[in-house]
Every structure is written in structure tokens, then in C-alpha cells.
Amino acid sequence: MYHVVCATTNPAKIQAILRAFSEIFGEASCHIDAVSVDSGVPEQPLGSEETRTGARQRVINARALRPQADYWVAIEAGIDDDSTFSWVVIESADQRGEARSATLPLPAAILNEVRAGKALGPVMSAWTGIDEIGRKEGAIGIFTAGKLTRSSVYHQAVILALSPFHNAIYR
């Protein structure tokens, strides 16, 4: 059984990680250890590079906190131009996989508040009345009428980031 350290305590992210690992490595193939670590970037990262830096830093911090594991995984959500997206970074003892998620265009009314310095989650909670929406369906769930959720989009990115770990051609 793989010991997977998730650099998050967010249920939407943990669910995506657990589901992806189960699909790639088999049901009950891993034990998740969720830890809260700093990203080293603002609460609402802006741009692809700042967001990826946040995910990479979370992995570094998770490895320092829990050095005995098979995998360390971080998901960092950010804003790029007029959209929200995330970076997934996965590391093992000797390898790294990274993938960027699908992007969701955001309405101007939401973007204006984010550009004024607010994080997307609290802005969406205020607009929808859903407390802690970032730990649930997220903006993705709201704007796709529930067809996708934060977790489902993260799940795809985790699957992509896992590709180097189960395909020999990457080694």
C-alpha cells in the first residue's frame, strides 16, 4: 500500500487524489495522510507560474513535514487572465509529475473582486450563499450547473500528473 502525503486538508482535493490513485494503482492501493502546509505564494495565486510555484512549494513543505512516504501531492488553484485553474505536482523519491487542469472562464463581476485582492473561494461564497464553497463544488460546480466540480477537474489533472509514475517510457 502506497503512503501518499497530500499537501492539503481540503476535502475536494483529497477526494480527487484518492480517486485518481485508486484508478491508476487499484482500489485500496494507498493511504492518504493529509497535512496543512504553506504554499509560499499569496492565498489567491495569480498567473500560471505563481500557481505552479505554490504547488511545488507545498510538495517541498509536505516532504519536510512527512519525509517517510511514497508520494507527495499538492494541488494549487489560481487565476490566469480571466479563468481559474490549478496545478498538480506529484513527487516520489526519484520522480516528479506535473499537470495543469482545465480552465474555467470567470464572469467579470467575480474577476473584479478577485483582482481587487480577494480570494476566489470567499467571493464565490458571498455570491452563492454557500459557506466554504472552495471545500465543496467550487466555482466550477456553480458555473457548469453541477456537471463538473472542483474535485472532478482536479481528478483529471491528478491522473495526468501520475502518468510518469506508471508508464516506463517516462523513465
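Using the three backbone atoms N, Cα and C, a Cβ is placed for every residue, glycine included.
Annotated substrate binding site per Swiss-Prot: T8, T9, N10, P11, A12, K13, in sequence order, evidence recorded as sequence analysis. Listed in sequence order, I75, G134, R135 are the same-chain residues at least 6 apart in sequence whose CB falls under 8 Å from the CB of N10 (substrate binding site).
According to DSSP, Q68 (Mg(2+) binding site) is assigned to coil rather than to any helix or strand. Under the heading Mg(2+) binding site, Swiss-Prot lists D38, Q68, citing sequence analysis as support.
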Self-check item: Rounded inter-Cα distance in Å - D38 (Mg(2+) binding site), T9 (substrate binding site)
Solution: 12
Exercise. To the nearest whole angstrom, state the Cα distance for the pair T9 (substrate binding site) and Q68 (Mg(2+) binding site).
Key: 19
Quiz item: Quick one: which residues besides T8, T9, N10, P11, A12, K13 have a Cβ within 8 Å of the substrate site's Cβ centroid, in sequence order?
Solution: C6, I14, Q15, A34, I75, R135
